[in-house]
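J.: Attaching a single structure in structure tokens format; questions to follow.
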Amino acid sequence: MRAVFIQGAEEHPAAFCYQVNGSCPRTVHTLGIQLVIYLACAAGMLIIVLGNLFVAFAVSYFKALHTPTNFLLLSLALADMFLGLLVLPLSTIRSVESCWFFGDFLCRLHTYLDPLFCLTSIFHLCFISIDRHCAICDPLLYPSKFTVRVALRYILAGWGVPAAYTSLFLYTDVVETRLSQWLEEMPCVGSCQLLLNKFWGWLNFPLFFVPCLIMISLYVKIFVVATRQAQQITTLSKNLAGAAKHDRKAAKTLGIAVGIYLLCWLPFTIDTMVDSLLHFITPPLVFDIFIWFAYFNSACNPIIYVFSYQWFRKALKLTLSQKVFSPQTRTVDLYQE
């Protein structure tokens, strides 16, 4: 995999990004279409940044939210927020203008940060599924099994593995020496796109489907446990009935998360594998649509995992009412009905 950029090329005023042989053709949109696309992308980035920023703030500020599960949510929110802040602005301009105007250094940096934040988000979704599975299917041992230290290990793995993987395919000599074998297969030069040969294209497959299979299998088990509890709810005490209701809600939330995860990432992952075999035949517009579908998952995460919980609504209300500036607010029990 390699980010390709021709530095020092002059921009062609009509049909090409740069005045060199093999330069990317520039798609010229009308001003109205450009405005619509920019506004849509800006709205998406705003949701991603503000939604995840508030998740990070709420978990950090309110002491009642300092739990292993919420620390995973905090780390997930940071990954998605950084994606919206550092990656998507440049991706928006590249998608609308169909050209890269920011030089070789930013091309490399953007190419590194994009998969880093996306993979980190995917890994955290998988770890949150594991956490919810332990909490629902093994509630008695959960407090001792999933501690803050365990959560921090998951967070370290969730950032460390994607960082190592992304560094491997961008900055190792192995990739550089094999680049000449398939560099000519790239669609054009000067586009700052990730180019995947067959090996890297198919390596992306388990990075998507392994977390997906883990989440699906855990969801099925959680759903079975929650359904069994619902059938026995008439014989349960009030407290246990409340716990069963909470478990069913967790199962529903996880099911929605898995479904949206598949919807957002499946088109891009399949296209990446197929494209590496068929000499990069995917039109740039179609590729942009697929990758923005994947980006959209980062906007859904705070809605799926947090907006449906009462503690988040209470935290949001306290913040908007400016009561958050009171010293006593930090110790408020957000879980109290």
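Each Cβ is built from the backbone N, Cα and C atoms, and glycine gets one as well.
Copying in the features that Swiss-Prot gives for the protein in this structure:
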type: TOPO_DOM; residues: 1-34; note: topological domain 'Extracellular'
type: CARBOHYD; residues: ASN21; note: N-linked glycosylation site
type: DISULFID; residues: CYS24-CYS188; note: disulfide bond
type: TRANSMEM; residues: 35-55; note: transmembrane segment
type: TOPO_DOM; residues: 56-70; note: topological domain 'Cytoplasmic'
type: TRANSMEM; residues: 71-91; note: transmembrane segment
type: TOPO_DOM; residues: 92-109; note: topological domain 'Extracellular'
type: DISULFID; residues: CYS99-CYS192; note: disulfide bond
type: TRANSMEM; residues: 110-130; note: transmembrane segment
type: TOPO_DOM; residues: 131-154; note: topological domain 'Cytoplasmic'
type: TRANSMEM; residues: 155-175; note: transmembrane segment
type: TOPO_DOM; residues: 176-204; note: topological domain 'Extracellular'
type: REGION; residues: 176-189; note: region 'Extracellular Loop 2 (ECL2)'
type: TRANSMEM; residues: 205-225; note: transmembrane segment
type: TOPO_DOM; residues: 226-253; note: topological domain 'Cytoplasmic'
type: TRANSMEM; residues: 254-274; note: transmembrane segment
type: TOPO_DOM; residues: 275-284; note: topological domain 'Extracellular'
type: TRANSMEM; residues: 285-307; note: transmembrane segment
type: TOPO_DOM; residues: 308-337; note: topological domain 'Cytoplasmic'
J.: Do at least three CB pairs under 8 A connect the transmembrane segment (254-274) and the transmembrane segment (71-91), leaving out pairs fewer than 6 apart in sequence?
T.: no
J.: Counting other Cβ atoms within 10 Å of each Cβ, which of the disulfide-bonded residues CYS99, CYS192 scores lowest?
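T.: Output over disulfide-bonded residues CYS99, CYS192: least Cβ neighbours within 10 Å is CYS99.
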J.: Per DSSP, what is the helix/strand/coil residue tally across the topological domain 'Cytoplasmic' (308-337)?
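T.: Looking at the topological domain 'Cytoplasmic' (308-337) with DSSP, the answer is 19 helix, 0 strand, 11 coil.
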J.: Any residues 6+ beyond the ends of the topological domain 'Cytoplasmic' (131-154) with a Cβ under 8 Å from its own?
T.: 67-69, 71-72, 124, 218, 221-222, 225-226, 243, 247, 250-251, 254
J.: State the count of C-beta atoms found within 10 angstroms of the C-beta of CYS24 (disulfide bond), not counting that atom itself.
T.: 23
J.: Determine the mean pLDDT over the topological domain 'Cytoplasmic' (56-70), rounding to the nearest whole number.
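T.: So the average pLDDT across the topological domain 'Cytoplasmic' (56-70) works out to 90.
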J.: Can you give me the Cα-Cα distance between CYS24 (disulfide bond) and CYS99 (disulfide bond) in Å, rounded to a whole number?
T.: 7
J.: State the three-class DSSP label for CYS24 (disulfide bond), counting H, G and I as helix, E and B as strand, and everything else as coil.
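T.: SS state of CYS24 (disulfide bond) = coil.
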J.: Six or more residues beyond either end and a Cβ under 8 Å away: which residues meet both conditions relative to the topological domain 'Cytoplasmic' (308-337)?
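T.: Cβ under 8 Å, 6 or more out: 54-55, 57-58, 61-65, 249, 253.
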